[in-house]
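Colleague: I have a structure here, written as structure tokens, and I will follow up with some questions on it.
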Amino acid sequence: MRITKLAAAAVAVTMAAAPVMADLVFPSLSYRTGPYAANGIPFADGYEDYFTLVNARDGGIGGVPARVVKCETGYNTEKGVECYESTKGEGALVYQPLSTGITYQLIPKATADGIPVHSMGYGRTSAANGKVFSNIFNYPANYWNGASLAVNHILDENGGDIKGKKIALLYHNSAYGKEPIRTLEELAKKHGYDLSLLAVDHPGQEQKSQWLQIRREKPDYVLMWGWGVMNQVAIQEAANIRFPMDNFIGVWWSGSEVDVVPAGEGANGYKALAMHAVGDDFPVFDDLRKYVVDAGTAAGAGDQLGTVLYNRGMYAAMLAVEAAKTAQALHGVAEINPAQMRDGMEALEMTEAKMAALGMPGFGPEFTVTCENHGGPGLGAVQQWNATDKTWSLISDYGPSDMEVIGKLIMEDSSAFAAENNISESCN
Amino acid sequence: MFYREAGEFKTTYAKDQQTFPIALDRWGYFITLALAFLAVPFFINDYWANAVVLPFLIYVIAALGLNILTGYCGQVSLGTGGFMAVGAYASYKLMTAFPDLNIVFVILLSGGITALVGMLFGLPSLRIKGFYLAVATLAAQFFLVWLFNKVPWFYNYSASGQISAPERTLFGQAVTGANAVPAISYLFCLVFVVVLAWAARNLTRGANGRKWMAIRDMDIAAEIIGVNPLKTKLTAFGVSSFYIGVSGALLFAVYLGAAEVGEAFGINKSFLVLFMIIIGGLGSIFGSFAGAAFMVLMPVLLKNIMVGQFGFPTDIAAHFEFVIVGGLIVVFLIVEPHGLAMLWRIAKEKLRLWPFPH
């Protein structure tokens, strides 16, 4: 067994050295087990199904079939490293680990190996500065955009004045949850609200004391940076203390069906940010049903179509496919390598016409990626849960975030990283 | 037949006291060392280094450390994860504060800092014993993780609380950071493992080790025969924490490259290392190696067999992994409560008599 593995690894390494691959490899570092599985499963299903669809309907990407290599991380960084090492030899084009911790791990490794990482709406926010993070992309929006979008929504509701309002941030006590704090602090200086921070430790099942504190302090708004089981518990606790759900806003990772359904009627009116459309009212879902679900090739149980996180996984896969197409056009070869994929991601342009042609009109914002800006425009919307119909619906357009504040923070954090690691800025 | 003392004439005290009294053992030891140093570096690739060998070597050091404390001195500790975090954060602070400091000294100093912290948390062991001490060390685990999460100074005020290891070189070769060649990181960790295992073996069979074992077997009797419990327990905590600190520093700097305290050094890590020494064998150097190998290699091996060979869905394979590893632990504990080291010892006893058992 070990010898065969070694031989396979050796073969894979030689293959990577001389690119004679017959397919485009997209690893799926998914987690279908552990405390974050409830959120990991729909995303992984969407991600894998879209590639299955592209293969079945279009015969691959530019004529070359896509192959998804699956690896279970369990949201654990050490398993994530093992997955990265075991899949990169197969010619992996882009990594989307769906975990901020694993993304942090992969940033230096993938950069050294010349493989791009797309952390869509998670990971290290300052990776938006493409001059420092050449191989890391986090378009179309990042955590700091999210923080600003949430504050903007509160501003809209209060006619632009939130001086003296109390806002509490309930966050997962990890790199993921801590990301928005600095932005919210900066915005507090600008808009004059009081920010209080409530940390919830992994995995987030125990939140009694945090919600007791919310009951005592009576904040006007609660923002949440939660993931996995933490979301369900928080929404249930909020319902238990009858916190007004309209004033409870989650980031885009805290707003899927699995998070709100357990709280039943109590979750009605809960809001979350959105970086893409909700529901399955798009032509692409007809194709998915026809080519993937009915053909019996759907990933997982095949029952997640149209849920928020399924859509996000599908959106992530769509952006990867479009980037691969861009790379193929850019370099004039069908069987691209990771370096060419990186160029494709950097030249990616998402227009309404493109999305409409894919059967996803208005699914996400229009944006262009450049060498300097790997983070996209930072547009986002707000979605709200209707517990009677059991549906999410967008209640705003894709609005801008406060790039004046965020841009400065991105420069600050990325230049600190560059100084710590002796990275010279590129893109000249 | 081949494996026996017969024909080995020990003419000096040094020969009589050597670690491997049987020639075949001695040869095996030297051949293993030679293979590890001279052959493996030429064959090791990224996957084998980062997925299998580096974690194995690093956990061996942690298991050796905990084995000194729990296996030899009898002080149960659930604070291993916290102490590894001390090593990791110490190495991060040292690396960023003194960029020119050699990485070897960074790792050793991190071990030293962890030793001091470990002795501090070892002080209660003079008053409390057994389960109560386990709970006190559990408090250390939670306190240390909380501390590294709470105080931004430890992670240099970065936005996310993540620490990432900058590149450091040794003799012009990158040891840490993403550009490190697998063979170099492997050799770097291997040198630490060999030196520390050799030191642990010699510490435990010398005066210090005897004192530790006397305290473990019966502390009152040990005190009566003149063993100072304060000094003995604190040296055990200090030496053990030094090992655990070194392993934490290596885990962060060489293996992971970036870490977050709650995720990388949580309570799970304490249990993992404790399982290693229980499965491997309490109070045994070989047991530390065997236990670390079992707990690190078994999940990877099972995953490769189930997903790689049989094409199981990844989630089913992950669940089966828990079932199989858990089941094996139970079986081992029932069949041989003294761990893999005892199985090895029994096998060797049988080999000595083979082919003419009594």
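Positions of Cβ are set from backbone N, Cα and C atoms, glycine also.
TrEMBL lists these features:
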| type | residues | note |
| --- | --- | --- |
| TRANSMEM | B:27-44 | transmembrane segment |
| TRANSMEM | B:50-69 | transmembrane segment |
| TRANSMEM | B:76-95 | transmembrane segment |
| TRANSMEM | B:101-123 | transmembrane segment |
| TRANSMEM | B:130-148 | transmembrane segment |
| TRANSMEM | B:180-200 | transmembrane segment |
| TRANSMEM | B:236-259 | transmembrane segment |
| TRANSMEM | B:271-296 | transmembrane segment |
| TRANSMEM | B:316-335 | transmembrane segment |
Colleague: Between B:27-44, B:76-95, B:130-148, B:236-259, who has the most Cβ pairs under 8 Å to the transmembrane segment (B:271-296)?
Modeller: B:76-95
Colleague: The transmembrane segment (B:236-259) vs the transmembrane segment (B:130-148): three or more C-beta pairs under 8 Å (separation of 6 or more)?
Modeller: no
Colleague: Can we call the transmembrane segment (B:76-95) and the transmembrane segment (B:27-44) in contact, meaning three or more C-beta pairs below 8 angstroms at a sequence separation of 6+?
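Modeller: Stretch pair does not touch.
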Colleague: By a Cβ-Cβ criterion of under 8 Å, what residues six or more beyond either terminus of the transmembrane segment (B:50-69) are in contact with it?
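Modeller: Contacts with the transmembrane segment (B:50-69): 40, 44, 75, 77, 80, 84, 182, 185-186, 189-190, 192-193, 196-197, 200, 203-204, 212, 236-237, 239-244, 246-248, 250-251, 254-255, 272-274, 276-277, 280, 282-285, 287-289, 291-293, 295-297, 300.
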